[in-house]
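See below for the structure under consideration.
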């Protein structure tokens, strides 16, 4: 394989730090909201019937005023959908709204005026279509009376409005049913995401052990070293992260994130898909070859002489073709309901490989890198709206400027018990950055001949798992708004490592640890 692992590893670290997930709810509600607008914001299901046949459903969000929607579909009627005329719904409609669900476009006047006009026209409810790909929290202007609004008020995204408009424009009869079922506190998919994230780091830590020959030493023994201090291992190019590269990451990643935010389009997403596919093929190929080679020593010895490529292992060529076919199939079907499986497989293989090739030398570098990533994550999720009037990281991850197509650098699992559907997601950066520290803990424990109890690795895995739980708790407490997972993961991993080092009196050793010096010292002891 002719790819530069150093380049691929750096690109993945930059790209993977921009993924987060939420329920596409915008907090950009109108200013000066009235305290009388006290209805809870609830997600709404908007079910469509086209010419009497049940079709798709879409998500909406209820307003802070108007009547509350029923939680059970049996308690709400199915009503015809009618556009207001004018479409902005700011003045009396020339179209008949009586007994229908009024459809109005956002703009020209406040939401309360639109609702009052629709109610005066006899509408049984109003659905306001946003001009962006999110759901607005509709409140009302200050000092306004909302007690006279007795119809349900709902907002949907621009994409949802386009779906309805497509049917109405083609002359079909569109009927709408609005209801707001309760959501489970925790979906089962969150547990699956948790297991995948923790499992990826666990596998990456033990990968050298899993793919070692039967004669290899176990976890409690020192690494096998030849005279001269060189350990017997694959001739892989290791990316040793430095303090300087940690600072460069923040600058480069922030620059790249802004480029995506301002210039992201459908073709840009395709570029990311191609880069992800190349990295995924590399990762899957590396994982399969290392596993097969560890179990069958002679499998990779048969070769072929190919034009331009020269001598190539038959096993490597066959596996490469399979991996390329897998990635192409995923890219071609990435919008299918099952595409998350292929994306997760490619992503996990890629992250395992990156964690084998990118290594932290000591806690000093780990502290700089993770603290920089910690601040980076918080700024671009929580603080960037103060400058850009939008959460830059969430907007990029969601694909707002690319037709709603999200970037592929994340693991995702469909929600199985949530009536609103959607996916639970975690970005690659939320696995890779803490994973670098966990893998360092594994190598340190092994080099220092530490057991499970007096080592650091077990505590790092536990800390990472607890950090993920805190992340999902934050999602729940903030009503599904995207969270910077490193806000919780860095204190639970790096913080645990530093505290343990202080308590055990080993922080200085961890801070200035040099793996190469340790290898040479061990080899000299063995030779003696």
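Glycine is treated like the rest: Cβ placed from N, Cα and C.
Caution: TrEMBL annotation is automatic and unverified by curators.
Within the set 405-424, 425-444, the record from TrEMBL flags 425-444 under the feature transmembrane segment. TrEMBL assigns the feature transmembrane segment to residues 338-358, out of the candidate ranges 212-232, 338-358. Proximity of the transmembrane segment (338-358) to the transmembrane segment (485-503) is not established, fewer than 3 Cβ-Cβ distances being under 8 Å for residue pairs spaced 6 or more apart. If one looks beyond the transmembrane segment (456-479) by at least 6 residues along the same chain, the residues whose Cβ comes under 8 Å of a Cβ in the stretch are 23, 25, 41, 185-186, 190, 194, 197-198, 201-202, 205, 426, 430, 434, 437-438, 441-442, 444-445, 450, 485, 487-493, 495-497, 500-501.
Counting residues 6+ beyond its ends, the transmembrane segment (188-207) has Cβ neighbours under 8 Å at 219, 290, 344, 348, 351-352, 355-356, 411-417, 423-426, 430-431, 434-435, 438-439, 442, 457, 461, 464-465, 468-469, 472 in the same chain. With DSSP classes pooled into helix, strand and coil, the tally for the domain 'PA' (86-162) is 15 helix, 16 strand, 46 coil. Same-chain residues lying 6 or more positions outside the transmembrane segment (365-383) and placing a CB less than 8 Å from one of its CB atoms are 17-18, 20, 241-243, 246-247, 249-250, 253-254, 257, 391-394, 429, 433-434, 436-437, 440, 482-487, 490, 493-494, 497-498.
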